Amino acid sequence: MAHNNDTSTCDDCKKILAGAGSLLSARSSTKEVFTIPFDEPYHSRLVHRVSTRECSMCLLISSTIPSLMERLEPSCTERLEVSVSEDHPSSAFLKHYRRYHENNQDIPYLGEMHIQEGSQATHTCTLNCSSTWSSQTMNQIRDWLQTCSSTHLECNRPYLPYRLPRRLLDVWCSSKPMPRDFDRLSLDISANVRIVSSDSLAPETKYLTLSHRWGDPPSLILNSSTAPQLLLSEDISLHLLNCREAAAFRHAIHVTRGLGYRYLWIDALCIMQDDMAQKTTDIMWMDEVYTNSALNISASEANVEKGLVFERDPTSINPLRETVLVGNTDSQESLTLQISAIDKNLLYCNAPLYQRGWVYQERSLSPRIVHFTETQVLWECHHLEASEVLPLGYQAGDKASIRSELTLDAHPLSMDRWLTNVEFYSATSLTYPNDRLLAISALAKKFCSRTQLDPADYLAGMWKGELPLSLLWEQTDTEQTATEIVTETNVAPSWSWASIVAPIECPRSTSEWCVKEATAEVLDVEINRVSQNLLDGTSLCRLRIRGYMCGFQRLYDGQKPWVWISDKTRFRETGSFELSDYEDWKIRGRIRIAWDVGRTEVADVVRDTSDGLHPGTYFFLHIATEWPSDGEKTHGSVSGIVLRRTSTYATYERIGYFHVPYSDEYATSELADAFSGGLDALDEAREEYLERSDDGRYVSCRKASHIGQPSRGETPPPGQHFLRKKRSRSRSPSLLKAPPRPAPRRAIRPLLFLVALVHLSWSLYQLPVTRVIESRLCHDHYLISDPSKISGDGTVPEELCKLDTIQQRLGKMQGVMETMWVGCDFLMTIPLVTLADRYGYGFVLTLNLIPRAFLLGWTLVVGYMGQGLGLPVEWVVLAPAGSWLGGGCVFDSVVYYLVSESTDDVVLRATFFAYLNATTSIFSSQLGPALASLTMSLRLWLPFTLGLLLLFLASLLIPLIPIHPIQTPLPDPESTATPPPPPKTLLSLLTTRLTSITSLLTSPSPNFLLLLLVFFLASFASSDTKLLPLYISKRYHLLLSQIGYLLSLKAVFNFFLLTYIVPTLLRRQQARVITSAHELPEAGNPTRTTIYNAKICLLISAFGALCILLAPTFAWLVVSLGVYALGIALPMFTFGLLKSDHFVKQGGNDTDTGVVFSVVMLVRTVGTLLGAMLMPLMWVTALKTGKEGDLGLPWGVSGIVYAAASVILLGMRVPG
């Protein structure tokens, strides 16, 4: 590359040098900062001079501070700043800053220029080669290595034990190395490379190591497939030469030879990658591999194709010397200045390779490293950081590299050094997130050895002796979106920093400003590790902690988040406090929360900024109080972690960190009472906890049993029970890693998909079966009365099938089929749900798909192919006969039970019921009818075939649903020798189920009886929906295929109603209750609010049904259907009432909840069964009258029934 050496210094650079000279000269009376505005004109001049190479200093500045070449932002001002080093007065530094107008915050950019007086300047070298690959470069590396090996005591400290790696690359196995003949050492000229075992080598054998980035996927590695070619070959040079991604390997071999060494260690070629036992052992030795190496070669640019060789422009790297005049006009003198670049790769770990997680410990452990970057080669050891242009390194007082802050060879070695390493390591990335702990295990091993810690006390990246204060880490990159990359791991509990792949900040027990005192206590630790390496990850790591907790919810008001503790207490949620914010008036009423947004579920919580009180209860666990290091312990701030309940009783997972600065509002709040023990004391011997009652008061309760949690991959043994979680705030919670099952929102997704497929397949049956039977009846009718109406293919136009005689027979047959389907389903609900107690709910869901498949298949055979087979159309009524294996009642019982048990949060549960209803609506009333209309218009057999395919897909979804068997009581740990009782027989399970139902029905609460009656009436009234296609077709003269599109339009409205409109209204309703509770005391109870909402839905349904009855035209019918759809939200509230103590006393096990839902579904089935019989009868009666106005009779009855149900709700009594 040609270089322009005839460049001069521009006026802008002269101004910088004049300012630096003024600061550095002896005549300067003050060491103030010299500032130059960096505006658009300056930026344009710089870009022009760099492109035309007019100014050498501009080239050097732009290369060292690349941010200067970026486009300026209008929302900020930028400047160049020259300041003198406090430790070394003969040195000045040029830096680039950006100040944002919004907060007046200065942002410094990476890279800085070093300006020194010529007489005291650092020794420099001028580069002549346009590549990082030359004999000049190799000679410099050799000089560094020789100097370090012979004179740096701290770099030659032996690390015991000295053990060679299992394998090494012998890079010169046929002749003596010739390091001086650099050009002849490449693989192209000198081959002979092989992988050898270290067993035959002397223990003191010297070797080099290579740090590099692997290919994605790696194209050349040692595994069981490549072992015969790589391990048994006398020369693997061809493999290295033919692999494009092995450039770094080839160049590292060249460097090893050039430095006079014979052996090289490369992880990809020296570790058997698919032998997990051997790989685990080799990784456990990784600290010895790098610490005992003579030199680490770093391919710092992480370019798998270029390796270590890069073209460069020496002009943008070489130091400059300029003479400037300083002083006033009367007395000026010349001053020679040297301008050089401080390489950002050494000081800031900014090269691409350093962002890789595995490379972090390689750099930290190696005593010496030579970095090959795109501009120059750098040297790093414990004693020296240098570059090709600054071969003797930086002077004392200049910026030291980050290595000095991270080395584990410091004396003495404190825990702060480990925490600093964790912070830097957390900012790196990993291809496989589950390597989070393994990639730093060698560093942990060395720290453990240096500090004499027990490796068994290493708990997923944290040391047992540092708990609980070490729990106070926080994610710093909280703007990260969890959907962009995988940021969660499965090898660490939620309370460990290793559970997410994101930058974190670790707590310090003491600092210059404050001292932390723990307020929580770790009582017990349980851990299962994923391998024999104690410093690797865990499959289970659980803490039992005693500390003060306080529950809260998130409230958004005007798009601003609040921490809502009660009607009286709420704090403004903020993400950070600036140093200037620590004035009492600025922090008053605020809590800083750093959410663990590296987890997808937590990011989803934070991302929701809609106004209102958000579903979900969270908890503050007080971990420590912070006191000023030089003050009295009177006004301490509070810090801790944010928790939420898991699916296991009294267990929690971490989702964030919180900090509450001391203020008057905090000191007098319920939060301070909870954290100071101001509430009623608990008797821990009786295992008591606090529970908040419906009226907002806290009462003391007592636990019923011990608490346990199975390990990953295990299931509870027979007789083992884990209590269902209660709404409590406990002083002794268990804080544990989330079990390997999805959180509530994610858990219901496969269940919703299953519901969608089942309802879609049902829709593909309902409308087509009407047309299939009608077609057969029509054919039989005209075959006798008027055969000329039958076309050549045996079909009759649909408009000729609307005769009353045909429609009456059609209505009767559908009534029989509906009654048979619902009746068998009703009779088998209790036995089939009992089977779930024994075989699980997945088994019952699978059985439920069989009669649905038979329904579709038999209708297809009789209705479509029956004429050819000679089967009479009446045989189609046998299609629902398979419902003795379960129908809609059994399916809904299981689905609604699983949804209700997915969370204990009232609002979140109501939201889940809304999702369930919306899914049912969109697939049974929107996509279903539209798809049925489309497919039946193409081929009459097509919807049935497609329905069978959907049921097959549904069967594949069932194993993905997080279904857990009914659990039995946990045995007393004092009597573990007692064998577990034998499993119950089906008969005994059925007897138990019937006994529970009898007990529930013989001594129910009045509210529960009234609620059952509402369920019955609503189910009866909703049976009119099945007749809607017949009603529209008969009264408004539409084809059934056209009606499907109308029903789809109705379902679109239902969908937006359930997923957006109703949840939004509920949140606004809750916000009004919270902000004006003193004006609406009757609305403070959520049960009363739910009853009120249910009554509104019933009244709307009654009005909508009557509108359908009276609609004179099709346009009025469309409006009436829209009004009728508004009542679809009713199940959100009626099912939600089942979890209220005012209706059903909530038991301590899952069976009680299952009994309640079984009873409700039976009552709904009775209502549906009665409606299935009476609604078609009313329809047939209306047809016989011959009056068009009488056709709406079923909807008139439905309106009256809905109105009666709303009146029944008035009889419910709820205190408050």
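Each residue's number is its place along the chain shown, starting with 1.
Cβ coordinates come from backbone N, Cα and C, glycine included.
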Under TrEMBL, which of the candidate ranges 747-764, 819-836 is annotated transmembrane segment?
819-836
Across 843-865, 877-899, 1096-1115, 1159-1180, 1192-1212, the most C-beta pairs under 8 Å with the transmembrane segment (1007-1023) come from 1159-1180
Taking 819-836, 1159-1180, 1192-1212 as candidates, which has the most Cβ pairs under 8 Å with the transmembrane segment (1096-1115)?
1192-1212
Which residues of the chain, 6 or more past the ends of the transmembrane segment (1159-1180), have a CB below 8 A from one of its CBs?
808, 811-812, 814-815, 818-819, 822-823, 825-826, 829-830, 888-890, 892-893, 896, 997, 1000-1001, 1012, 1015-1024, 1026-1027, 1030-1031, 1135, 1138, 1191, 1193-1194, 1197
Integer mean pLDDT for the domain 'Heterokaryon incompatibility' (207-362)
86
